[in-house]
Structure formats: C-alpha cells, structure tokens
C-alpha cells in the first residue's frame, strides 16, 4: 500500500478572506488569481499522483505498477487488490480481475472521483474483485519513454491506434500475469472503448482473454456525431493537409500549475464563477444534464484534462469526415508506404468475438445513438442498454449523482452473472 502523499500548494486566499459584497468579491478573486499567476511559475505539474493518494486516503490498498509497451512507452497503472470492507475469493482462491480504461484527456482518476460509495473502482473492490486502472501513453501518469523525452515531438507521434494495439495490449497482459489469471472483465469509457475496438479487431487473439465487456459511451463510427467543434475541425483537419501535418504530434492540454490555480479559484463550490466549469462540461458532453454531481467539479478540474497527443483528436476528426472506422490517414504518399494502399485500412470489427455490452444515451455529443446502433449491427454479439434519461450526457457515465443505480450496479450484476460458474480465471 502506498504511503506517499502528493500534496498541492495551498498557500492561497480562501473565500472567507474575501469581502462579502458579490461584485467586489468577484473583482478581488480575479485580482488575486492574476497576482498568483504573476508570482508563480506556470509549468507542467510533475508527479501528480492523485489516483494513489485518493485511494489511499479512503483506506483502500493501492499498488502502483509500471508497464513497458512494445514500442518502449512507460505506463503507470494502479491496482486495488482488495477492499477493507470485504474479503471474497473465487473457487481457485483468487479474485476475478476487472480492468478499467479511461477516455481521451482523462486518466485513472475517472473511476474513483465519485468516492467509495459511487465510484465503480471502489464498488468493484467491495464486490470482491481485483481492480486494475489503466493509463494510456501521454496522460499525466504515462509521460515517459525509454529513449524519447516528452519535450520531443517524436514522443507525441501516436494516436489511439497505438494506445489500442500497444498500450491496452501491454496493460491487459501485465494485469493478467500479475494476478495469475487467464481472463478478465473489461470496462471502458469513450476513447477507452475505441482502443478496445482497435485491439480486438487488429489482434483478435485478445478476445480470448476477456470474460465480459462493458463499454460506456462507445465511439468507433462517427457518422451521426453532433459536436459543433468536430464539425468545424473536420473541415480543416479531417483530411490530410499541411495544417493537419503541422498540428499533429503535439502535446495537448497537459495538467499545469495554471490549471490548478483556476480549479482552486474558479471551480470551488464557494466560487461565484463555478458555473463556468459545469458549463464547459455541458458544452463538450451534452447540454442540460441534471445528473452531474456538482460537488465533484474541483476534483474533476484538478485532474482533467490529463494530456494527450493532438493526433488523437485529428484521428477522430478523420473518422467524422470519412464516415469510416479506420486507421490514421497520413496522406496518399505515406499511406502507400505504411499500409501499401492509398487509403487507411478499415478496422474489421467483425473479428470481435467477445459479447459486448454497450451503454449509450440520447444526449451524448460524443457517442451518437445512430453510430452506436450501427456499430452494434456489425458486431457478432452486442447488447445495447439505453440510459433511461433524456438529458444524460457524456460525463454522466462517470460522475453523475445516480451513476451507482443507473450503471454501476448493473455492470457488477452482469459481471457476477458471467462469473457464476467460476471457470476461466
């Protein structure tokens, strides 16, 4: 169990030190923020271990593991091997394994921010499972490579294709080996589902390592995608061009000291500006949700966005523009060299033999209903579950007030059903 604590600098003015008059208070807050920005170095946050700290603070055991990918990226993943509230082993004397994979610009923090009562990671641990939390290359926990420094553009020359075939493959293999298991349950959100489709269609043998699959807000085809920035970005970056080449392979939105200051002053529950934080999540994930747990906004802001490569976003824009689920489009000349054909090859989702449970909603700007249903029609085995709320958005799958009742309990019930026979661990 980790006993290190990674604490942020909290030497700032608190709301109690502000005057009570609202306009004056707002001006003082903004002035205070400007002064802090001028007095502090605005750089990347180093060693931000919020996942380990949070799990440990809730008295759950936590292990930090290092995974090396085939192409030498160094990933940090976390494990909750048991629960302080329950001890449950399968017939072989081991806990069944569940692996959780985050979405784009996110990290392992996604699965624990809601706390022990409602977060899926803690709930699974309490249900008797060996829980693993993945981290893809380029995010806060995985900004390392054996030979390339993250300041180099070479470090960021990847998309979610590499996250699927290299990162996800390496993390699943590592978790299975460490837990001495032959198969596991898999849960993912957003880009984590894309990585799943990439891996299982590119390396079909990995289907044999899965017991059950639960995909929240799945993304593969983007024909009905409705996010306004995707429509605009698709015009300029959805096909190979000089602009897309210039903007590719760049670090995108890492956690910085500036972001931490904004979180402390803007997203705090006591701030008169905290509506900006919830408004941003509504803009990206879907307007009008009544389910988001507003008290989580400071924690969400402190850990998100967690960094990515600009090529990940460009790859999604290419899917939107082409209407196909296919590999990265480098342009005709490079495609001929890399793929031996002028256009990128499509992913053969028909190779995915695992039975997939997909959870979707009507108000999700990232994962459109039409795209989810079309994808399900191509898969050999898929079960769809529509969230019974018309305002449920992309982030409610993780951080809603009622995520425990709407999604998490259902996932755990299904996992238990798969494990009833106790075979194949």
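Including glycine, each Cβ sits where the backbone N, Cα and C put it.
The active site, nucleophile feature in TrEMBL is assigned to 190. Within 10 Å of the C-beta of residue 190 (active site, nucleophile) we count 27 further C-beta atoms, all protein chains included.
Per TrEMBL, active site, charge relay system is recorded for 364 (among others).
Neighbour count (other Cβ atoms within 10 Å of the Cβ, all protein chains): 25 for residue 394 (active site, charge relay system). Residues annotated as active site, charge relay system in TrEMBL: 394 (among others).
The annotation domain 'Partial AB-hydrolase lipase' is assigned in TrEMBL to 53-115.
Between the alpha carbons (Cα) of residue 190 (active site, nucleophile) and residue 394 (active site, charge relay system) lies a span of roughly 8 Å.
Across the domain 'Partial AB-hydrolase lipase' (53-115), DSSP helix (H, G, I), strand (E, B) and coil residues number 9 helix, 21 strand, 33 coil.
Annotated pair residue 394 (active site, charge relay system) and residue 364 (active site, charge relay system), C-alpha to C-alpha distance, rounded: 5 Å.
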